Ligand code: BG6
């Protein structure tokens, strides 16, 4: 891998502290950050290099699982950090940034490879990209890459505008749009689960699968983010990006070859085959909810409308459930159910593949009920794969009962999503980043839902905090003869 300058916009922010510094530290410890490397922090505050290094150290002491274990290498790591104050909207401020990048490259012998990481509020994405171009920061002997956080736009039109602006400064193959769900180990494992296991390869279609369910439930509420969340809602915060990415990763067919362009091509095909909604029929396929007060883990919590920063009249969605159809030969007729929400009973992200239950018919009159075979992929907080089968239990007079074959991935020391994503960006592998076309097609599907929500065309169901969402979300599946597993 090449030696790089890692240029971090928003270096004094929360994400840098919690995720980016610990990820870089682990990569450094694992020799995955090729020496020499330069890390340049940029933010509005007037800090010295020493103050910044101390900040990085403190961040690691709180958020790095390897901080205490490998403290002896810390000083070496911190030496790579420099800081420069920057008002991202002031063109003149970029000159000292360029000087600093170049002087460090010269000092360390780095060949001009530059990774720009935007960990800033989305309204600054385009101005930073254009200043990188205008001020010549993106012009060097080496490569340049732009890593960008979500949200990528607020709706279809704003996402398109943003992309247009970015593309004047960076080519598509230089833009790495982070969706941290794509960095989760079990999501990355979906590919191997299908590709490396012929039994699943042959089963992965509407001949054998009756439905697919994807759940991401959270126990946290809006936290201190009302300002953002009350305008975003679950639909923009989770559904348009993470949930649709999980759908693509689950449903995509086997690429002709392994490689980012093949995989992304297959994902795009799924999005193109998604049956689109109209504002008028959203209500038949989508349930929106908002949490009321309730109890989670023995603790009473407030209703969404009572959260600090939220208007008591807010109609914002904190829960979404939807039924989606992929109109292609492999998936025609298989409903994909997706749900996500805040203040639910437990924190859990999982995918459940329900297989067709032909046995059910065969056994008619035998008074023996076979449960459907299920393949359950737990993404977090536990990482596991289980397969539910029916077997006879000799202790129960040979009655068939569901049993589960279970594999749990090692929980400790598994690289975090940010670690593997930053590593991929550094080596130029875009497989687990969202391509613009995926983002655009996702917004395209979501757009009528946004409009139907804005016009209050469908009811806003309330659900008690600590539950698994509104009743209507259960009815959505019952209509089709299914239930949430
Ligand atoms: C973020 C959302 O993208 O994902 C948050 O903005 C959400 O609202 C978070 O809590 C969930 O991520 P994870 O990794 O905890 O499932």
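Here the Cβ of each residue, glycine as well, is placed from N, Cα and C on the backbone.
Straight from TrEMBL, the features:
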type	residues	note
DOMAIN	7-189	domain 'Glucose-6-phosphate dehydrogenase NAD-binding'
BINDING	10, 11, 12, 13, 14, 15, 16, 17, 44, 87, 88, 150	NADP(+) binding site
BINDING	180, 184, 218, 237, 342, 347	substrate binding site
DOMAIN	193-485	domain 'Glucose-6-phosphate dehydrogenase C-terminal'
ACT_SITE	242	active site, proton acceptor
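A map of TrEMBL features onto the structure.
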residue : record                 : contacts (Cβ under 8 Å, 6+ apart)
10      : NADP(+) binding site   : 16, 42, 43, 118, 119, 120
12      : NADP(+) binding site   : 41, 43, 44, 45, 47, 55
14      : NADP(+) binding site   : none
88      : NADP(+) binding site   : 9, 42, 44, 120, 124, 127, 128, 131
180     : substrate binding site : 242, 417, 418, 421
237     : substrate binding site : 151, 229
347     : substrate binding site : 217, 218, 219, 220, 380, 381
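The binding-site residues near ligand 1, defined by a Cβ under 6 Å from one of its atoms, do not include any of 10, 16, 184.
For the recorded site, residue 16 (NADP(+) binding site), the DSSP three-state label reads helix. In the shown protein chains, 21 other C-beta atoms lie within 10 A of the C-beta of residue 242 (active site, proton acceptor). Model confidence over the domain 'Glucose-6-phosphate dehydrogenase NAD-binding' (7-189) stands at 95, taken as the mean pLDDT rounded to a whole number. Contacts of residue 342 (substrate binding site) defined by a Cβ separation under 8 A and a same-chain sequence distance of 6+ are given as 218, 220, 221, 222, 234, 291, 304, 318, 319, in order along the sequence. Within the same chain, residues at least 6 positions away in sequence whose Cβ sits under 8 Å from that of residue 184 (substrate binding site) are 349, 379, 380, 383, 417. Binding-site extent for NADP(+): residues 10, 11, 12, 13, 14, 15, 16, 17, 44, 87, 88, 150, maximum pairwise Cα distance 21 Å (rounded to the nearest whole number). Taken residue by residue with DSSP, residue 184 (substrate binding site) is part of neither helix nor strand, so it is coil. Residue 237 (substrate binding site) falls within a helical segment according to DSSP.
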